[in-house]
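Heads up, the thing below is written out as C-alpha cells.
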C-alpha cells in the first residue's frame with residue numbers, strides 16, 4: 001500500500017513533505033488486514049480442531065476464501081466510512097488546505113490500496129504462510145484481558161443502564177471540559193529563530209534606521225543564547241517585500257537549546273530577555289515573532305501580528321481616535337503583547353497656502369507660484385548629460401540646507417510678467433504665499449473601497465480564541481464606534497472562524513452520509529444508530545486528551561477528531577456485524593451480544609491498538625513540525641482509548 005501511495009503521489013504531483021509522509025505512519029492503514037487475518041486464523045483453528053489434523057493448502061485456501069467473504073461486508077462498509085470521514089478535510093481552503101490536503105489524499109491512496117490488498121493478497125498469503133499447527137489458545141495478554149472482560153460484559157448485558165449512564169456521563173463531562181480548552185487556528189511551529197519588526201516615526205530616513213539598528217543588534221548579540229543578529233531596513237532592490245525607510249526587520253538566530261544559559265528554557269523567556277536588553281534604546285517599537293510566522297500572518301491577514309482589529313469608516317480623524325481607544329482596551333486584556341495602531345499620521349509635509357489676492361495684484365497665476373516652489377523643493381530638469389549611449393537628466397533645486405530653512409524658502413524670487421524692455425522684476429515667495437512644515441497622512445488603507453485602520457497585537461501565554469472572546473466583550477462595552485464605522489477581526493482568528501464555519505457545514509453532511517452507509521451495511525436504522533454512538537465516545541476521549549495535555553483546539557485537532565471518528569465507527573461496525581450474524585443464526589439477544597462481543601474482542605482491540613501505536617511517535621515527537629502533528633495524534637490516541645473501552649460495553 002505504501003508503494004501504491006508513492007505512485008499515486010507522483011501521479012497527483014504531491015510532494016513528499018512532513019504532512020504527506022506523516023500520513024503513511026497511520027496504523028489505521030492496516031486495520032482492514034488485521035480484521036481479515038484475525039478472522040481467517042480463527043476459522044482455520046476451528047476447522048483444524050473439527051478435522052483433528054493440520055490443514056492442507058487447498059483447505060487453507062478454502063477457509064481463507066470463506067472467512068474473507070464473511071468479513072467483506074463490514075470491511076467494505078467500514079473502509080467507505082473512513083473515506084467519508086476524511087471528506088471534510090478535502091474542503092479545506094487556504095493555509096489549512098495546503099497543509100492537510102496532501103496528508104488526506106496520501107492517506108486515502110494508502111487506504112484504498114490497503115483495502116484491495118486486504119481482500120486479495122492478504123488472505124492468499126495467510127493461507128500460504130500458515131502451514132503448521134494453529135494454536136487455539138489466545139496469547140497470554142489477550143487471554144487475560146478476555147477473562148477480565150467476560151464477567152464485566154455479562155453484567156453490562158444483564159444491567160445495561162448503568163453502563164449507558166456512565167457513557168452519557170463521560171460525554172457530558174467531556175463537553176464541560178471542552179469549554180476550558182483553548183482555540184487557535186494552527187499550532188505555532190518552533191522555527192528556532194526570532195524576528196523583531198522595528199517601527200519608528202514616519203519621518204525616519206533609511207540612514208537613521210540603520211543607525212538605530214546597530215545598538216539593537218549589539219544589545220541582542222550580548223545575550224549568550226543568541227548566535228547571530230542581522231537587520232534589514234527599508235525595501236530591497238528587488239522590491240519583493242516593500243517596506244518604508246522607517247521600518248526594519250531584525251533577525252535573531254538562536255543557538256541550540258543545550259547552549260542556552262541556565263534557567264532559560266523557552267523561547268518566550270528569550271523574547272522577554274531581549275525586551276529587557278533593548279528597553280533602554282529609545283525610538284523603536286518592537287513586534288516580536290518568528291520569521292516564517294510573521295510572513296504567514298502578513299500574507300493571510302495583511303498584518304504581521306496574530307490578531308488584527310480592522311476598523312472601517314469614512315472620517316479618518318474619528319477612526320484614528322477610536323483606534324487609539326481600542327489600543328488602550330486591548331492592552332488591558334491578559335495575553336496582549338506588542339499592541340499598536342497603524343501609523344496613519346506623522347509623515348512630514350510642506351504646506352503652502354497661496355495668497356490669491358496678492359498673486360492677482362502682481363499679475364501672476366497660482367500656477368506660476370506653484371511652479372517656482374516646486375522647482376526649488378522638488379527640482380526641475382535643466383538639461384541632459386550624455387555618456388556614451390547613456391543619457392542623464394540634470395535637475396536643479398535648492399541644496400538640502402536651504403530646503404529645510406523657511407527663511408531661505410521665503411526669499412526665493414518669483415519672476416513677475418515682462419513689462420517693457422527692462423529686466424524682469426521679481427517678488428519674494430513669502431509675499432505671495434504662507435508656508436510651514438507640518439505632519440500629514442502617512443498612509444490611507446482601503447479594503448473593498450472602504451477606509452480602514454487596523455490595530456494589531458500578538459497573543460502570549462494563552463490561546464487565540466479565548467483572547468479574542470475577551471477582547472471583543474471589552475471593546476463592545478468600552479469603545480463607542482463613530483456613526484458609519486464597524487469592526488472586523490482579522491489575522492489568524494479570521495482563518496479560524498472560516499475553517500470552523502466550513503467544518504460546521506460539511507461535517508454534519510458527512511455524518512449523515514456515514515449513517516446512510518451504516519444503514520446499508522446493517523439494514524437497520526436502530527443498529528446504525530447504535531454504531532454511531534461510538535462517535536461521541538471517541539470525541540470524549542479526544543477532548544480529555546487535549547485537555548490534560550493543555551493543547552488548544554485547532555484545525556490540526558479537528559482533523560484528529562475526524563480520523564478517530566472513522567476508526568471508532570469501523571470498530572463498532574465489526575462488533576455489531578458479529579452480533580447481528582449471531583442473531584440471524586437463531587441465538588437469543590443476550591447470548592448473541594455476549595458471544596459476538598467476545599468473538600470480536602481480539603480484532604477490536606488489535607485495530608485500536610495498532611492505530612494508536614501508529615500515532616505514538618507523532619504524539620511524543622519533538623522534531624521539526626511536531627507542533628502540527630502532536631495535537632492530531634493526541635486526539636486519536638485519546639479517542640481510541642475511550643471509544644474502544646466504552647464500545648465493548650455500551651454497544
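Just so it is clear, glycine is given a Cβ too, placed from its N, Cα and C backbone atoms.
Residues or ranges marked as transmembrane segment in TrEMBL: 18-37, 76-95, 107-130, 163-182, 503-522, 529-551, 557-579, 600-620, 632-650.
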Check the transmembrane segment (163-182) against the transmembrane segment (529-551) for contact, please; criterion is three or more CB pairs under 8 Å, pairs 6 or more apart in sequence. yes
Contact count check, CB pairs under 8 angstroms to the transmembrane segment (503-522), set 76-95, 529-551, 557-579, 632-650; argmax is 76-95
Next on the checklist: Three or more CB pairs closer than 8 Å, sequence separation of 6 or more: does that hold for the transmembrane segment (529-551) against the transmembrane segment (600-620)?
Outcome noted: no
Residues outside the transmembrane segment (76-95) whose C-beta sits under 8 Å from one of its C-beta atoms, at least 6 past its ends, are 28, 31-32, 35, 101, 103-105, 107-108, 111-112, 115, 185-186, 296, 300, 495, 498-499, 502-503, 506-507, 510, 513-514, 517-518, 520-521, 555, 559, 562-563, 565-567, 569-570, 573-574
Sequence-distant contacts of the transmembrane segment (600-620), meaning Cβ under 8 Å and at least 6 residues beyond its ends, amount to 22, 25-31, 34-35, 38-39, 138, 142, 145-146, 149, 567, 570-571, 574-575, 578, 626, 629-630, 632-634, 636-637, 640-641, 643-644, 647-648
